[in-house]
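Annotated features in TrEMBL:
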| type | residues | note |
| --- | --- | --- |
| BINDING | ARG197, GLY198, GLY199, LYS200, THR317, SER531 | CoA binding site |
| BINDING | GLY393, GLU394, PRO395, ASP417, THR418, TRP419, TRP420, GLN421, THR422, ASP508, ARG523, ARG534 | ATP binding site |
| DOMAIN | 33-88 | domain 'Acetyl-coenzyme A synthetase N-terminal' |
| DOMAIN | 90-476 | domain 'AMP-dependent synthetase/ligase' |
| DOMAIN | 539-621 | domain 'AMP-binding enzyme C-terminal' |
| MOD_RES | LYS621 | N6-acetyllysine |
Amino acid sequence: MSSTIESVLQETRAFPPPEAFVKQANISGMAAYEAMCNEAERDFEGFWARLARENLLWHKPFTRILDESNAPFFKWFEDGELNASYNCLDRHLKTQPDKIAIVFEADDGKVTHVTYRQLYEKVCQFANGLKKRGIAKGDRVLIYMPMSVEAIVAMQACARIGATHSVVFGGFSAKSVQERIVDAGAVAVITADGQFRGGKEIPLKPAIDEALAMGGCEAIKSVVVYKRTGTSIPMTAPRDAWWSDVVAGQPTDCEPTWVGAEHPLFILYTSGSTGKPKGVQHSTGGYLLHAMITMKWVFDIKPKDIFWCTADVGWVTGHTYIAYGPLAVGTTQVVFEGVPTYPDAGRFWKMIQDHKVNIFYTAPTAIRSLIKAGGDLPKNYDLKSLRILGSVGEPINPEAWRWYYETVGGSRCPIVDTWWQTETGGHMITPLPGVHALKPGSCQAPLPGVIADIVDETGHSVGNGKGGILVIKKPWPSMIRTIWGDPERFKKSYFPEDFQGKYYLAGDGATKDEKGNITIMGRIDDVLNVSGHRLGTMEIESALVSNSKLVAEAAVVGRPDDLTGEAVVAFVVTKGPRPSGEEAKAMANELRAWVAKEIGSIAKPKDIRFGDNLPKTRSGKIMRRLLRSIAKGEAITQDVSTLENPAILDQLKQNL
Ligand code: PRX
């Protein structure tokens, strides 16, 4: 596997969609796509207003479309009122109440079906239970749940009563949870006793107890605990209540709380260039619109389709393409509790076969690890149900693309390589399955109404055949509204003065080929992408130096990795003498465990190097470019004459 990925074959073939596919597609052929792009160009606001009227159910119709008066704090459909949960559930009650909304497969293989009516009733009961516990419109609720029907119910119930949820991925530490509770000003937590993943039981509630004991969380009045594992856990009355008690006796109807289109549906924390994660705030109307149209355009969703997005609801992909998009368009979706390699690396393929999945959406990291664990395994399963494959979260290397296309998709399923971000709310740049001839490894073309471009440092388009900075030149409905509690940081991060505050800066570098196909080259800021998870180098550095007993100074960089895309490499100056041999190994392990406790296991450095100092210029600036070269094992070709302490480089090159 390693050699195949290293050889990264440059795939130059284009893969046009089969004619039969084009014929049935929701956006059928290039002419249809171009007509939509032209419509958006001719009448940008009219285009989005038409879609918002056609797709969303409005309690009070909007009369204003885009408000740019306080740019870059854009508002969409502001005077309209709606409810996201009503749009995802109530709308199906008359037309398809008995259709399966969720096929839930547990870690141990047990399958549960939930119809749209049942899901509606679960959400209403839980929403009523939350209201009874004093949670109201505008409150922030932190959700720390395993992949489960209940996680979706929790999100939908918050939406139903106008509470703003903030889901924290179950792999994050107690400290991360505490920081997010404080930053969001949350008043309640919804969690579970624990979760099952890969045959192992992992506790969740203890992390909440630990977080709440850290201080600053006094506003938390209520902790609702879903019983998943049944392992005994401490419950603190009256703060803590079991989910089953919260819903007991509650009516199965709950009038939705109507909110303005700009009402914050959720806050989701993600990493940026500084040490502190950003609370990305999303709206209700614009966000849900984008979730719906991309289900239709990109996944070409049809009434009979079975859709499966393998993300966790702790990430934005699990928000848009599990908790909201599939429900709003009334699809049947698979929700999976476990991991792709348990009980063996055929799990995904068996699930596709068992549930007759038509549209399968996963991340390159999962694809690469499954090639490694059993590249021939898909052949043992009947994958003929598949119609479309999707990729998200990081660049997909052409080798992995080809395997996905041929071995999983039987060379008949278009792959939609969807570029987007926590901040964009939904897909932005992606081939459309019934339109574009696929170019492996490239996300190719912006969606109609998304005005993406690649510019140089002065903001001028670079044109075809060149590389530069990826920007979005016009606002779009599902865009980030602000960073929760930090509007200045929002402006600085995304609408910098470099471009007169006019363009949304995605933070990615990209190229355009001669035909205009866009390919993402990776982040241009201090953000790493490890297994499709976003991590800030500064965040990991702060975690390391917070170990004041051991660490004097630390610098973190990324290094390409065959399996995880990028890997975290940390350079550490210790308080005591520089460790070596076994002592260095033990200290590296201790620091890894420390980072896991501070942030979460996903942030653990793969490689830790110790030095008496870090390579610095005479003015004291750490030369990160040198560190990146050392991390990659490259020969150092940069000028090191300005370096204060060149001898340090040899120390840092030593692998443990
Ligand atoms: O660098 C890009 C990469 O993931 C970043 C966004 O990360 P996050 O907010 O965690 O959202 C991930 C899921 C939407 C981007 O700035 N990225 C995302 N999709 C792709 C990608 N890189 C290349 N190709 C993609 N399809």
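The backbone N, Cα and C atoms fix where each Cβ goes, glycine too.
Because TrEMBL annotations are produced automatically, they should be read as predictions rather than curated entries.
Taking a Cβ distance under 6 Å to any atom of ligand 1 as the criterion, the binding-site residues GLY198, GLY199, LYS200, THR317, THR422, SER531 reduce to THR317, THR422. Across the fold, the C-alpha of PRO395 (ATP binding site) and the C-alpha of SER531 (CoA binding site) stand 11 Å from each other. Spread of the ATP binding residues is 18 Å (greatest Cα-Cα distance among GLY393, GLU394, PRO395, ASP417, THR418, TRP419, TRP420, GLN421, THR422, ASP508, ARG523, ARG534). Within its own chain, GLY199 (CoA binding site) has ASP107, ASP108, TYR342, PRO343 as residues 6 or more apart in sequence whose C-beta sits under 8 angstroms from its own. Residue density at THR418 (ATP binding site): 23 other Cβ atoms are found within 10 A of its Cβ, drawing on all protein chains shown.
Between the listed binding-site residues, namely ARG197, LYS200, ARG523, the fewest other CB atoms within 10 angstroms of a CB are found at LYS200. Residue pairs drawn from ARG197, GLY198, GLY199, LYS200, THR317, SER531, the listed CoA binders, are separated by up to 24 Å at the Cα level. Here the binding-site residues are GLY198, GLY393, PRO395, and the one with the most other Cβ atoms within 10 Å of its Cβ is GLY393. Ranking the binding-site residues THR317, THR422, SER531 by how many Cβ atoms sit within 10 Å of each one's Cβ puts THR317 at the top. Counting in whole angstrom, THR317 (CoA binding site) lies 37 from the residue listed as 'N6-acetyllysine' by their C-alpha atoms. Remark: TRP420 (ATP binding site) has VAL316, VAL392, GLY426, HIS427, MET428, ILE429, THR430 as non-local neighbours, by Cβ distance under 8 Å and separation of at least 6 in sequence. Under DSSP, the residues of the domain 'AMP-binding enzyme C-terminal' (539-621) split into helix, strand and coil as follows: 28 helix, 28 strand, 27 coil. On the 0 to 100 pLDDT scale, the model's mean across the domain 'AMP-dependent synthetase/ligase' (90-476) is 97. Taken residue by residue, the domain 'Acetyl-coenzyme A synthetase N-terminal' (33-88) breaks down under DSSP into 27 helix, 7 strand, 22 coil. DSSP gives GLY198 (CoA binding site) a coil state; it is part of no helix or strand. THR422 (ATP binding site) falls within a helical segment according to DSSP.
The shortest Cα-Cα distance between ARG523 (ATP binding site) and any of the recorded positions ARG197, GLY198, LYS200, SER531, LYS621 is the one to SER531.
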